[in-house]
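Undergrad: Questions regarding the structure given below will be posed in turn.
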């Protein structure tokens with residue numbers, strides 16, 4: 001596959017990426033706007049409650065506090081959804097980056113294979129030419145031995161011509177072999193230096209994670225897929241992958257991680 005085809009296929013895969021990113025960013029902006037509106041309503045209700053607290057009975061106080069708590073929970077859900085959208089957006093871009101790295105590695109690997117094949121072809125071609133010239137030399141010797149009577153009549157002049165012709169043939173053969181070897185070496189040397197750091201596509205897929213990226217969950221891995229946050233504000237881990245804590249869907253109400261759940265039971 002040529003570089004033009006690699007580029008064409010990769011650009012085709014990016015065709016819908018801007019639309020998907022725009023959709024995610026629009027949703028995140030909308031969720032953020034809703035959360036900000038809820039926080040303003042919470043501030044307003046809290047101010048009203050503090051001003052009228054002395055004039056309210058126990059039931060009215062409880063009703064006001066429950067309403068404020070409900071708004072807080074709704075704002076937290078908006079925040080969680082926004083975090084999930086941010087994670088999905090990151091993974092969407094990262095998927096295309098990994099594909100580009102894989103395609104580049106595969107393309108460079110093909111270039112290296114072509115360079116090695118070219119070198120082997122050049123060497124085989126030079127070897128065949130050398131064997132053919134040696135065979136032609138033997139045939140010419142046999143012909144000359146069969147015409148010995150004619151050689152005797154021509155004397156020293158014919159012998160000197162044959163010697164001169166033989167020297168010329170050997171010189172041309174040596175020069176042609178050296179020239180072919182020089183061309184082959186120059187072609188390979190021009191292609192191979194840029195391929196010294198080639199990695200196999202499978203190695204690219206197993207590239208190490210950025211050491212500066214924070215880790216989460218019980219597995220101590222970076223964020224990926226769907227995650228859920230522990231409702232304990234003092235939780236040392238905070239975020240967990242659904243699979244690591246046995247979840248398939250987002251639970252309703254408050255959720256605590258296994259460690260915080262045990263700590264709460266002990267209390």
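Cβ coordinates come from backbone N, Cα and C, glycine included.
Note: TrEMBL annotation is automatic and uncurated.
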Undergrad: Among the residue ranges 122-175, 176-229, I'd like the one that TrEMBL describes as region 'Disordered'.
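TA: It is 122-175 that TrEMBL describes as region 'Disordered'.
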Undergrad: Pick the one among the recorded positions 219, 227, 260 whose Cβ has the fewest other Cβ atoms within 10 Å in this structure.
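TA: Checked 219, 227, 260; of these recorded positions, fewest Cβ neighbours within 10 Å: 219.
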Undergrad: So how many other Cβ atoms are close to residue 257 (Zn(2+) 2 binding site), meaning within 10 Å of its Cβ?
TA: 23
Undergrad: Residue 230 (Zn(2+) 2 binding site) has how many other Cβ neighbours within 10 Å of its own Cβ?
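TA: Excluding its own Cβ, residue 230 (Zn(2+) 2 binding site) sees 21 Cβ atoms within 10 Å.
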Undergrad: Measure from the Cβ of residue 216 (site 'Histone H3K4me3 binding') and count the other Cβ atoms within 10 Å, all protein chains considered.
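TA: Looking across every protein chain shown, the total is 18.
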Undergrad: Going by Cα-Cα distance, pick out whichever of the binding-site residues 230, 257, 260 is nearest to residue 219 (Zn(2+) 1 binding site).
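TA: Checked the binding-site residues 230, 257, 260; minimum Cα distance to residue 219 (Zn(2+) 1 binding site) goes to 257.
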Undergrad: Near the Cβ of residue 217 (Zn(2+) 1 binding site), how many other Cβ atoms are there if near means within 10 Å?
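TA: So the number of other Cβ atoms within 10 Å of residue 217 (Zn(2+) 1 binding site) is 21.
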